[in-house]
């Protein structure tokens, strides 16, 4: 028998309805880093998503063209305010590549140890914030407390808790303190203990797993096509880690595993981050063991490194040297280079062009988040509004470096 | 309806409404405070009132002095018979309680603030737990020793013990007053003043209404939300019935009859005078009334979401209405098994059945779990707080509310929380009944074997049962608050799936199995009945033992000296400490 309504178009049988437009952000509790998503909703299903960035744009690249090379360090700090040390180190390495110098071994270990501490902070806060937005508030506070321990170490070493500006071209601002190794050996195990406690609350919780598993799946091919790097790419199944693929500093002497996911969903991204924290601790342990206790931290080149303050006040040579570096900047030979490191979110690249003067001609940053965020639209289309929260959270978008 | 009935109803409404409102305010505090404790940080305690020194001293002195004088005066008259024995036991136990509790407070004070005289110095190294255990031991000794007093001496003993109790009260009050420090006294009440300060703030805040909102409905929604939360309490029985004799023999209950409370009633609870139920109204539809009124709570949320002219609020309203409608089905069906067993939907019958047999949680464990889940969803608390989901739809249906209207939503929500605890107690945790406490007194019996019997006056039983009900409600509220802070929330469709594909079929299965079992047991004969009675008594025994053990464990846990390991102070904190500063060290992990 034929259906009675065969003459009617399907649409006529239902009430007229049109998708609802919903502006999520830029001021929204889950849109950390101020991003705006314009959603087209059918009920709670997202039919179309338009991710709009740029609300934290401060003209980072243009700002870099008007100071000396050294004055850029505070800017890169603020690019990724969750793990500034990694950005500091990344930029210092880029300029050193242009100059063709290598910092002493002690400094390399120092940079590795500090940078990996920052990586722990970064992963921890990303996972914690995601849990908090899902409604589990306590793990976030556990992780935040663990971060305090690391920040205390940073405060002791650099004098600042968040934006250290500690990197220098050709070294670091100051040598490690006397208790550097002891502090880390005492502090980080406690951090791991807190992370385990926080994880215990989450990974046996059916609700938490249901919210993550199979949500926001990104295939290996798509992730590569989007230019993803870092944890999000590894969670999709590509074992690409700059520290392993193109080792810089002393990473080739370190023994560590690169955690790789299988499906590329939110759960894999979460678990990859958690595992990477543990691998990071392995790296820190090895770096501390191998790091010499004595030796110079900066290279010995008066054209690059500031003289000791005492000499500046007492000798004319040092005064001139100080004056030249501060007023004119470090003379970087003309040319261009691309230098890349593994930052908290993936491959952090600096493309530098120098005209031979003390001021950069062009500084181009390749922030990992920029590539990551462009995949968000693909991830959330077809999901529901609540899924935006863990998906966006697991990408760990950092507005400061995304809007460069 | 006579005048006295109206007066009684008003008194009962006042008791319940005050309890619910105060508990709602307290649980907003407890919610934040417990979250703070789980997360090892300080909760809300910023609100503070500075009392002048004299006022503080009076506040410290007045209650113990009043109780002391009351104890002495009430012991002046001679008592006889059972009343004297009861008074004697109560006086002895109260004296012991006041003594060990005061010692405990003093011990805590000495450990935190140092001793001020020779006598206090011996508390410096005392473990507070040993004081507690000693107190418990003396309680038991007091009970046994009280039975050794010859019956003839009981009235005198009652008087003497009353004087002793009054003396202890006065002594404790005077010593506590002498320990009030000089100067103004900051009063924080553990942070509960914060709830008060919050409500004062809410009254004075701007009442913002969006430009295109429906002004009438926008204002009506919070009223509807609070109304349903307050109206449901009418059928909750909160204590054993009171029984009054017809003093002036005119056949009706009037005001003068209220002075003739019967001293004793039989174990069956039968009353040959006038029965006054400790329940605002005993409807024959009972629990159905609760479902009906609680269901109107949806309307408040839905209207709020619709009238706010905000898309996030609209989504919240939609979620609230669909969630509450879906879970109401499972909630109702999960209780059908209970009705089959109790044989009534009247709330007072349920309490009586549970007092005479076993608590509902033992006869319907699956029903309890299902009902608890559905109840959480109905009260819109974590993990079922999608309608509010602050990280998804900002604040959901009350997004566009501020000031006191917002406060009404919050109050309504917390009253619902307290009410849901009261409902759980009434349905599953024995209502106002306590194990082995019958209308005529304590009667510890398993099957037909009576182990211990202790006759009590009717008033004492009613008072204890009312205290038991409110205490149980407070405890269940406390447990419910614990669900929060650690659980993430469901996704909207997962929630619906849980409701319709798991809770509902389980509830129906539970109902069918219960029906078959009830039918089989009814036809099983007297032997099965006596076995069931024995089983029921065993559950009561289990409850009694578990309660005592739980109480001891909690108190011992609270008294455990806290030793925080300080770990790796930051240089700034260390620097500040070296300079004599006060910056707290952040790593008190």
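Each residue, glycine too, has its Cβ placed from N, Cα and C.
Curation does not apply to TrEMBL; its annotations are automatic.
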Next on the checklist: Suppose you had to name the range TrEMBL annotates as transmembrane segment; which of B:287-307, B:350-370, B:371-391, B:392-412 would you pick?
Outcome noted: B:287-307
Item to check | Range annotated as transmembrane segment - as stated in TrEMBL, picked from B:541-559, B:560-578 | outcome: B:541-559
Checklist entry - Taking the transmembrane segment (B:541-559) as the reference, which of B:6-26, B:47-72, B:131-150, B:287-307, B:327-345 gives the largest number of Cβ pairs under 8 angstroms? => result B:131-150
Checklist outcome for this item: Same-chain residues at least 6 beyond the ends of the transmembrane segment (B:503-521) with a Cβ under 8 Å from one of its Cβ atoms are 327, 329-330, 333-334, 336-337, 340-341, 364, 366-367, 370, 373-374, 528, 532
Checklist entry - With pairs 6 or more apart in sequence, are the transmembrane segment (B:6-26) and the transmembrane segment (B:216-238) linked by at least 3 Cβ pairs under 8 Å? => result yes
Item to check | Intrachain neighbours beyond the transmembrane segment (B:47-72), with Cβ under 8 angstroms and 6 or more residues off its ends | outcome: 91, 94, 162-163, 165-170, 172-174, 176-177, 180, 182-188, 191, 193-194, 196-197
